[in-house]
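> Below are the structure tokens for one structure; questions will follow.
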Amino acid sequence: MFPVFPCTLLAPPFPVLGLDSRGVGGLMNSFPPPQGHAQNPLQVGAELQSRFFASQGCAQSPFQAAPAPPPTPQAPAAEPLQVDLLPVLAAAQESAAAAAAAAAAAAAVAAAPPAPAAASTVDTAALKQPPAPPPPPPPVSAPAAEAAPPASAATIAAAAATAVVAPTSTVAVAPVASALEKKTKSKGPYICALCAKEFKNGYNLRRHEAIHTGAKAGRVPSGAMKMPTMVPLSLLSVPQLSGAGGGGGEAGAGGGAAAVAAGGVVTTTASGKRIRKNHACEMCGKAFRDVYHLNRHKLSHSDEKPYQCPVCQQRFKRKDRMSYHVRSHDGAVHKPYNCSHCGKSFSRPDHLNSHVRQVHSTERPFKCEKCEAAFATKDRLRAHTVRHEEKVPCHVCGKMLSSAYISDHMKVHSQGPHHVCELCNKGTGEVCPMAAAAAAAAAAAAAAVAAPPTAVGSLSGAEGVPVSSQPLPSQPW
């Protein structure tokens, strides 16, 4: 497209420009260059062009750009809103930091033990007086009111403060609460005897104990022999042990375990497994792994037999023994355990083992401390130890018996429902309390008069007078 000039150029270009037969040279001659100018081709061309358009009635060359309008003065830019919010944001951050510090201090105070109560120094009379009214607020001047930020700025500032404070306070308080929860939480009642570390179950405890001992934790084979654990009687004074037998609570299982294990109660089986027995008997010092077995063991120290057979009225100390006895009345007792020596059958494996030790075995591991006798079972050793105890006479027949068997011997004189006691004149099938008291008094008198007879020759009295000895009477068993 050709530019449209402000002047009318309807004539052919050559006559108008004077470019007829004379050519460009004629045009140059019609507009001679001005005098005093340097012969610069560009300047000469520009002057010729301006003269040409001036002769044609154009005030300005169409090829020259219009002069740019003068710049209009602009109003100074208003300060951005962020400049006004800088003090508000700074105050919000300071308040968030103060809130986080206050939350951390409150958590530390809650975790610390309570301090002993001190004497109060607060004036209670002053507390009962009504509080003084607050001072009136200072008047607000008009320029200050005009200088207040607009509502939109206040809304944005409040939103910014809320967005800054909420996450900061949550992040500051959450780690403190989680740390306190981890510190106070207990893992379990299984405690390592060497480093006091707690575990939830016995398997994890055994795996941990393998680190201290170097032994590989594993299952105990079925044929492994468990060695009995004896607790020193000095440990019975520990509060955890004395309460473990009666209550059986979790406190005795937790705190008492560490105390007993430190005293050497942890035993090791033939396979290398360590067994902790926390509950000790107060009478003999034998330890057990739980309260159930301890209470069952305590029945052996008493004459109580709470379980009675409904068929023959025979009494038992343990319920399982009574159940096996009741099955014998029906003739349906299954005895799968056979002795390889004599072919005798038993209903329980412990009965078979006891039979083999007592009848067929020549090993005598239980030895008497007062003589050279040895026995295959602990029960037989206990029965033999009674021979070395003090003898008491029977008030009926005068036979000298041990104090442990005097009650059983009195039943010999009171067998049958038609027996009449010589002391109370009552017919009874049990031991008379008056007869038992008389036997105890006679035993005390006999012990005060003379020393108990022994199987060794004769003994010397307190004043050197020999006391005649008599042979030991036959035992009721």
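Cβ from N, Cα, C; glycine included.
Pulled the feature table from Swiss-Prot, pasting it below:
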| type | residues | note |
| --- | --- | --- |
| REGION | 59-78 | region 'Disordered' |
| REGION | 121-146 | region 'Disordered' |
| COMPBIAS | 130-141 | compositional bias 'Pro residues' |
| ZN_FING | 190-212 | zinc finger |
| ZN_FING | 279-301 | zinc finger |
| ZN_FING | 307-329 | zinc finger |
| ZN_FING | 337-360 | zinc finger |
| MOD_RES | Ser361 | phosphoserine |
| ZN_FING | 366-388 | zinc finger |
| ZN_FING | 392-413 | zinc finger |
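Are these features on the surface or tucked inside, and what touches them?
Counting residue by residue with DSSP, the zinc finger (190-212) contains 11 helix, 4 strand, 8 coil.
Here the zinc finger (279-301) returns a mean pLDDT of 82 for the predicted model.
According to DSSP, Ser361 (phosphoserine) sits in a coil region rather than a helix or strand.
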> Note down the number of other Cβ atoms within 10 Å of the Cβ of Ser361 (phosphoserine), including every protein chain shown.
14
> What does the DSSP secondary structure composition of the zinc finger (279-301) look like, as residue counts for helix, strand and coil?
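Helix (H, G, I), strand (E, B), coil: 11 helix, 5 strand, 7 coil.
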> Per DSSP, what is the residue count of the zinc finger (366-388) in each of helix, strand and coil?
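So the counts come to 11 helix, 4 strand, 8 coil.
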> Could you count the residues of the zinc finger (307-329) that DSSP puts in helix, in strand and in coil?
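Helix/strand/coil tally for the zinc finger (307-329): 11 helix, 4 strand, 8 coil.
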